[in-house]
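Enquirer: Okay, these came from TrEMBL:
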type	residues	note
ACT_SITE	E267	active site, proton donor/acceptor
DOMAIN	16-178	domain 'Histone acetyl transferase HAT1 N-terminal'
DOMAIN	277-328	domain 'Histone acetyltransferase type B catalytic subunit C-terminal'
SITE	W190	site 'Interaction with histone H4 N-terminus'
Amino acid sequence: LFFSGLTAMEKKLAEYKCNTNEAIQLKLVRFPEELEDDNTTFNPEYSHQVFGDDEVAFGYKGLKILLYYIAGNLSTLFRIEYTSKVNEKFDCVEADDVESKIREIIPPGFCTNTDDFVSLLEKEVNFKPFGTLLHTYSVHNEEAGDDIMYQIYKADMTCPGFREYHERLQTFLMWFIETASFIDVDDERWNYFLVFEKYNKDGATLFATVGYMTVYNYYVYPDKTRPRVSQMLILPPFQGEGHGAQLLETVHRYYMSSPTVLDITAEDPSENYVKLRDFVHVKLCKDLLCFSPGRLMQGFSQEMVVEAQQKLKINKQHTRRVYEILRLRATDMGDAEQSRSYRLDVKRRLIGPYKKKQRELAKMRRCLRPEELTNQLNQIDLNMQHEQLEESFQQLVSDYRRVLERLAQA
């Protein structure tokens, strides 16, 4: 009896578990009627930094964690709703304190009721982007049947109101970047680049936040800097429209004009970021003389390294990828000789780390094992190596082809 009672209890408690990625409902609001419109709601990709690896909140049924933001200045409405909650008196368990977990990452000064939020929404017409305008571009929107204008600004902490705005903006990192962390805004070596959409409301022009990038300026002896991209986020409603590429290219162009900048790097880049960076780099480099088809066929050269670094602030490692992508474009892969030459060229670069590892292993084995064994092991290793190498090569080529497809459409 006792055991069956336990499972009934366990079953009951299991009903009080909610997946926090589903419970958290985010919104970027322009018009009051959007508050009721489920189509404008989006959810986090991650919530483990706030709710633990299980991404579960315990103690509620039908839990909704509402985090609604005014589209431009990101003033916040934060509310928690649920249909029922465990009760300590009856269930002898305590519900998670969801509110304090959220309060830890969102700055104070948020609204808790809809009326206050709507009255702030009316003042949104006064919101203007921070900092200096670097770039304006438009994207054709099928739904609106119109071109929508976007602008990219560079801001810093001296812009009035920017510090508070940035505190609200950076909370999105927690939901969309797996290893996100907040930065030390008092360090003056941070640069902030922001993307805004211009839209009309009752005849006035307003601005909506689209995304942003933070870049840290590392000092390089004796008199140079090496900007490093730290975080980059395009908010989900705007993803897949090319804003990331516009932003990264604008940032490159901003630093290109500075003689003290060596090159631009990135901190722990995600796979998506690498694809984006490849595209932007290839777009910037494709018209340089050193990347003309004739030169590409002669192999990777120091001239490419120098020109890409001096003119475009692209480092050697990234220039090598650009070379491989553009050489793929110039290569007839149906031609046995051309495709063999390309494959060898790329694999020679890929095998570098393997060869180093091989040398280290050989050293170790000389100390540990008799000679004939070493040879056999090396043989096995080589076969595995060739398979891995071929796999890496095929993966690269398919990544490169995607970059080239995107380039052809640009």
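Cβ coordinates come from backbone N, Cα and C, glycine included.
Note that the coordinates shown come from a computational prediction; the quantities given were computed from them, not determined experimentally.
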Enquirer: So what pLDDT does the domain 'Histone acetyltransferase type B catalytic subunit C-terminal' (277-328) average out to?
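Expert: PLDDT averaged over the stretch: 96.
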Enquirer: Give the number of CB atoms, excluding that of W190 (site 'Interaction with histone H4 N-terminus') itself, located within 10 Å of its CB.
Expert: 17
Enquirer: Could you state the CA-to-CA distance between the residue listed as 'active site, proton donor/acceptor' and W190 (site 'Interaction with histone H4 N-terminus') to the nearest Å?
Expert: 14
Enquirer: Count the residues of the domain 'Histone acetyltransferase type B catalytic subunit C-terminal' (277-328) that DSSP assigns to helix (H, G, I), to strand (E, B) and to coil, and report the three numbers in that order.
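Expert: Once the DSSP states are binned, the domain 'Histone acetyltransferase type B catalytic subunit C-terminal' (277-328) shows 41 helix, 0 strand, 11 coil.
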Enquirer: Can you count the other CB atoms that lie within 10 A of the CB of E267 (active site, proton donor/acceptor)?
Expert: 11
